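The feature domain 'Serine hydroxymethyltransferase-like' is assigned by TrEMBL to 14-389. According to TrEMBL, the feature (6S)-5,6,7,8-tetrahydrofolate binding site maps to 129, 130, 131, 249. Look at TrEMBL and you will find 234 tagged as N6-(pyridoxal phosphate)lysine.
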Ligand SMILES: *Cc1c(COP(=O)(O)O)cnc(C)c1O
């Protein structure tokens, strides 16, 4: 199948050859490599068009139909469309679609619902949590009193008994669940019971499993969480940015004010249009089939790697992402990721729970089926990917194996073109 030229996707770029070369280089990289990084996906031409549209010229502030600037008639319609689709997709009552990122969605919800210095109980980054949940290097880590929970040493899963003990000691005003490297289902009802005992909010950050929630393939946080946050560019396969979702009208003013003016200024209307676009796509029946394939493919990849003797953290996955413990190979995550990238397989190094190694050279890799599934890979393609990963890990300095794999990866990519 002939691929459209890069210029098709980037009209006007010819005016800046230096920039064009880099952007077209990135397009070629995406076309010819296999994306296994969990925070990425491959958006439709519609989402690309929305994000590259004239909406970038328009500045609006405040909520739809209550703007500070004039000329907002279409801006209002676009934002209202995104909100209507978000609430329909997740079966919730309210949405704020303005957060410029997942981190801003969290910071806005924290700011709206908490007081400075309040205690938050959230998952440790080392156990799979996300830095925007109060890591000391972030503003959230400075503004609130953070206590972290991890996972049980044996099960490598969240242990509600441990978490309850931590909560009873820390008396948090908010419990945060959902991470960036936690591959398993979360007991939201159990967390809510603990939050209720503390009179605390439960915030679920579903960035990595929002698509599965939307299609009923992962536990639904909405009956239990007071507030749910997500990014829109990972499992939702859309615009860069985030959202906050909730059901209780009494929280609306606080959450909206937490996002704007709390943590950000005017709306990125082109991104909001991109969110409307991807949410519209997610409401269509094929998004369900896509998410089923995400799960099938992730399980096939995990099983293939396990067959080759690699340990999958927790023994498997309930979503697109998984963590691989490389300890048995003697290869560290950074070296593995470097060798795999040369073979055209993009992955990221990752800490595993109780990792004895430092974050720069951790024991693990994080993999995801999200993007590969979007380009049409099925179980047999993901089994092949597992074989390639195992081959490279056997000896990451084997340049011949890397070169051979690169050719096979390229052939597979050409058979499943993007754009
Ligand atoms: C990716 C991610 C975020 C942050 O997203 P940014 O858009 O990079 O700010 C927040 N929470 C979780 C769980 C994530 O995985």
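Numbering starts at 1 and runs along the chain as displayed.
Just so you know, glycine gets a Cβ as well, placed from its N, Cα and C.
Structure coloured by features recorded in TrEMBL.
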| residue | record | Cβ within 10 Å |
| --- | --- | --- |
| 129 | (6S)-5,6,7,8-tetrahydrofolate binding site | 25 |
| 130 | (6S)-5,6,7,8-tetrahydrofolate binding site | 24 |
| 131 | (6S)-5,6,7,8-tetrahydrofolate binding site | 15 |
| 234 | N6-(pyridoxal phosphate)lysine | 26 |
| 249 | (6S)-5,6,7,8-tetrahydrofolate binding site | 9 |
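A Cα-Cα distance of 16 Å separates residue 129 ((6S)-5,6,7,8-tetrahydrofolate binding site) from residue 234 (N6-(pyridoxal phosphate)lysine). The DSSP secondary structure for residue 131 ((6S)-5,6,7,8-tetrahydrofolate binding site) is helix. Reduced to three states, the DSSP call for residue 234 (N6-(pyridoxal phosphate)lysine) is coil. DSSP assigns residue 249 ((6S)-5,6,7,8-tetrahydrofolate binding site) to a helical segment in the three-state reduction. For residue 130 ((6S)-5,6,7,8-tetrahydrofolate binding site) paired with residue 234 (N6-(pyridoxal phosphate)lysine), the C-alpha to C-alpha distance reads 14 Å. Screening the binding-site residues 129, 130, 131, 249 for a C-beta under 6 A from any atom of ligand 1 leaves 130. Between the farthest pair of Cα atoms in the (6S)-5,6,7,8-tetrahydrofolate binding residues (129, 130, 131, 249), the distance is 28 Å.
A straight line from the CA of residue 131 ((6S)-5,6,7,8-tetrahydrofolate binding site) to the CA of residue 234 (N6-(pyridoxal phosphate)lysine) spans 16 Å.
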